[in-house]
Amino acid sequence: MQRHKVEIGSPDGSPGIKRSDSLDPIANTTILSVPQRPSSPRQFFERLYGHLETRSSENGEIDVGTHAHKPPPCDTPYHSDGGSVSSPDISISDERTSLAAYPAYDFYGHAKDYPQHPSQQHQQHHHHHHHPPQLVHQKLSYVSPPPAIAAGGAANPVLPHAFPAGFPSDPHFSAGFSAFLARRRRKEGRQRRQRTTFSTEQTLRLEVEFHRNEYISRSRRFELAETLRLTETQIKIWFQNRRAKDKRIEKAQIDQHYRNFVVANGFMSSIMGQAATTMPPGGVTGGVAVGVGLNYYAAAATPAALPKDNTQDANFIDIDDQFQRQQQQKQQQQQQQQRRRETTTPINIC
């Protein structure tokens, strides 16, 4: 195995670079000792994690390389044995060289095994000085996702490239969306429970039992199941649904009564406002007292002037009229009884 030793001296008299290269790419080690000024934290992290980043070119190819960002130029130019090739834009550090040997991992812990072009594999077995520094970036041979994903189907929804271009690349979003798709597939594959259809006879019998008692006992439930050819669970669920329906109907009726009361109160307030403007200064003559709730208002109007419809104020007026008529009838009856007592004379028995 032939080994080459290269000593590079800097023009300012600083220590040179001792480099030992071999033709074997596995045994090839690069040892550089270049005095550099302290780097910033951003440049430090670029050296550590620069090989994990991907960059898409304009033609749709993905460039994956050990140098995602250009490091600061080195003071000492790079010379090779094969020719005078110098590039001040390329600087190799120990951290970048050591980390480039490890494969890249995605956020799921899977190693990214990128296929390489045969020409690139052939280039890796040659020495570095046979190629210019522009071959640092490796272009992947495959650009688009697998055919199943390109056709619109998600062959593996866990991978980030399976999502459309509009979705964010957040790992938490990808994991949550994958779980959502899994739950949806399980739900679609599961057979839905058939809804029980009750006949007219069964419904009438159950309605009769519900009107007798809203909560059915276990013994009675067993008897109904035998009679109607149903299961006890079906009867139990029917009673639960019927009670819920009753509560909904009752709540709707209460809401309707409340709305009617609000409408009637607003209508009577408008009538009282009109009556206050037309009321004579001496007071109310010939008016009637109209009650709304517990408050009574004097209105300069007759009952015939108010609308006789299904509103609540009309019902109050009807109740007041009936009460007055009953009072008048009682007074007339009392007067008739007194007259009868006065006309009748006692019979003297001798």
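Glycine too: its Cβ is placed from the backbone N, Cα and C atoms.
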Candidate ranges 1-23, 47-69 [criterion: Swiss-Prot lists as region 'Disordered']: 1-23
Mean of pLDDT values spanning the DNA-binding region (191-250): 91
